[in-house]
2 protein chains.
Amino acid sequence: MQRLHEELDKLARFSSSEYPSVTRVLYTQNDLEARQYFISLCEDLNLKVRIDPIGNTYARWEGAEPKLAAIGTGSHIDAIPLSGQYDGTVGVFGALEAIRYLKSINFKPKRSIELVLFTAEEPTRFAIGCLGSRMMSGQLKLEQALKLKDKEGNFLNDVRIEAGFKGDLNEVELSKDYYHAFIELHIEQGPRLEKEGLDIGIVSKIAAPSTLRVNLIGEGGHAGAVLMPIRKDAGIAGAEIMIAVERIAKKSNSDDTVGTTGIFDILPRAVNSIPKEAYLEIDLRDTNIETRDKALSDLKQEIAEICEKRNIKYSIEILNCDPPAICDSQLVNTIEKVTNSLGYSSKIMASHAYHDSLFMAQLFPTTMIFIPSKDGVSHRPDEYSSPEQIEKGVKTLALTLKEIDG
Amino acid sequence: MQRLHEELDKLARFSSSEYPSVTRVLYTQNDLEARQYFISLCEDLNLKVRIDPIGNTYARWEGAEPKLAAIGTGSHIDAIPLSGQYDGTVGVFGALEAIRYLKSINFKPKRSIELVLFTAEEPTRFAIGCLGSRMMSGQLKLEQALKLKDKEGNFLNDVRIEAGFKGDLNEVELSKDYYHAFIELHIEQGPRLEKEGLDIGIVSKIAAPSTLRVNLIGEGGHAGAVLMPIRKDAGIAGAEIMIAVERIAKKSNSDDTVGTTGIFDILPRAVNSIPKEAYLEIDLRDTNIETRDKALSDLKQEIAEICEKRNIKYSIEILNCDPPAICDSQLVNTIEKVTNSLGYSSKIMASHAYHDSLFMAQLFPTTMIFIPSKDGVSHRPDEYSSPEQIEKGVKTLALTLKEIDG
């Protein structure tokens, strides 16, 4: 599989940050060039490429009975700022390698096998994750999608057309009978497989994410002249909210609850000026929807209390609040059988991270194949899975596709 | 004094943010044009203009005995992002109006009267306040000044030359006998004069500011996949430090202690990524140096404790840590006499804000004249002092200059 590793390394160079860090934001030049590279490899394999109006890219290996629902696999290649080279990409280029492998053993599929490159799994540009799969599954309606703007105020619909993706956005949505099954290969992005020395994780459920935007408005003023008792510092209120996010996630009854404030901006952002405004983006998730929703409502209440105490005006916008996905138990069993036959160790586990499969699972029997992440790290330049680990993931995926077809 | 108000209004248009907010950053086009406007008004008054190598601009009304040490007055015209139109500017254009007034009553000074426009009182561009007056007073040595870089990595020395300020930076420093006395007219930037219904504040001491830069390095990772117990979130450590700054300032024995975190940046700044790094700029000050230094050492200890508890690497850089200034008691008495003669109410008070006078006071007998600030606000677009309040400040300054000369 030397070729796959060379392809992943080449892909990592389509980046607006310095190698080995990767920054590949939706519809930027690097994103478009990386897509073109992917398409050229698909064409080398004689896959039939179709691109939908939002840029989701389908590469089809036609089966002997093309009228049957296809078997889907795939992931994403966009990357948040200063991240690594395996998140998403292993599920796209690894699936290509799985198809190569199946062709090399002369397998002829009955159902078509279709590889999907999803548009913008990461929320970097439009503050909403899984843009492509959300629209494919009908979870993001057209009227909402048309309202999406990036930080510069550009509408999604304008930038996708500028990037060369044309056509009626209504055509992005898939029908429930489009895929017979969907399997995503992905790095774990956590430490559990590595810690237990396992080769493969088989995903039984995917955490339910929710994202909040919080705007705080207090009163600015001169950092020297406005004495402490009369201040309405929006920055400190934001700091208290950050700490509340952590406390709520930690005190939840579930070990799986995670809460993160990944964005916190203050204005006017001058050392001698009291923060007048603050802006936070908060990510809260759990594999259990009740626990997640309890954490969300606790957080909303704490935000209200902090802002009341500090005389800060606030607004909360829920950017998304998706249900968790339960994976298809038959597919989970199939993968377990495949790993046993290959002599790979495996465990059935939850995915804490959020994937396009979350949305595929709304329509199709779905599951995911995880491979270990070194030190459990992801979204960082030192994100790493070894060639051997990736190879085991690719073989598991290949034989699972074959098994499902058979 | 209609003319002064028109000048202040015109000056507010030299801004990179929308009127009535003012943003005028050192050596930007707006700063340079505003300086040119000031110089043209000085020349209209036949003042002799001299510009030093860092851009401090001196406008001299030659006295009958030009060999005597001059009497200095002045302030700054740079403005932090999204601030107001009176901070600093009243002490520059108001001093010009004071000279006009003295000329109108046919006063002929014995000593020269010199109006100074100081370069960069605000720390916006080079993260150090009072750049011009610090260099004039020898408190910022040339070798330190040459190390200063802005956020884009440009050296101070390069940008000042690009902006047209040439010559040997060693020549910026003034000798101790350069001024006989120095008086700065300024808005209070706090609520005390307005609350007590007073016309004029006479400044007896100026708070001792200190500025800290704190860098935090934790561990990033995926916001979904890295569970709470193993995180090293640099953002949350930063939030705890912000709250510590507030707590320390509030619990100090002095009502005058203020602590502000005006800058807080986190990296990589993505909603689904754990903050790996955080950067804070903190302002801590008091009129009493012991109380300020105690707060500073408490804060350093709290930062160490927070970072140890959270496994965060950190560094603290003290950007400045200036001694407070005690103003000249004779000058304070002179101003009190002047306000009495004009029938203005006044009080002797401390300045919590930080001014070029802090550095002038290292060399010369110095004090400041304060006028009320509406609702005590400053560094905001709604910063306001009425034409009547400004007029009283200008008259007090004019007659004080006359009194000192006589």
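Just so it is clear, glycine is given a Cβ too, placed from its N, Cα and C backbone atoms.
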Annotated companion of B:Glu122, B:His379 at the Zn(2+) 2 site, TrEMBL, chosen from B:Asp87, B:Asp158, B:Asp168: B:Asp87
Besides B:Asp87, B:His186, which of B:His76, B:His180 does TrEMBL list for that Zn(2+) 1 site? B:His76
Around the Zn(2+) 1 site formed by B:His76, B:Asp87, B:His186, which additional residues qualify by having Cβ within 8 Å of the site's Cβ center? B:Ser75, B:Tyr86, B:Gly88, B:Thr89, B:Val90, B:Gly91, B:Glu121, B:Ile187, B:His355
List, in sequence order, the same-chain residues at least six positions removed whose CB sits under 8 Å from that of B:His186 (Zn(2+) 1 binding site)? B:Ser75, B:Asp87, B:Gly88, B:Val90, B:Gly91, B:Ser351, B:His355, B:Met368, B:Ile369, B:Phe370, B:Ile371
What does DSSP assign B:His186 (Zn(2+) 1 binding site), in three states? strand
Near B:His379 (Zn(2+) 2 binding site), how many other Cβ atoms are within 10 Å of its Cβ? 30
By the criterion CB under 8 A from chain A, which of the binding-site residues B:His76, B:Glu122, B:His186, B:His379 would you report? B:Glu122, B:His379
Mapped DSSP class for B:Asp87 (Zn(2+) 1 binding site), helix or strand or coil: coil
How many neighbouring Cβ atoms, not counting its own, are there within 10 Å of the Cβ of B:His76 (Zn(2+) 1 binding site)? 29
From the Cα of B:His76 (Zn(2+) 1 binding site) across to the Cα of B:His379 (Zn(2+) 2 binding site), what is the distance in angstrom? 14
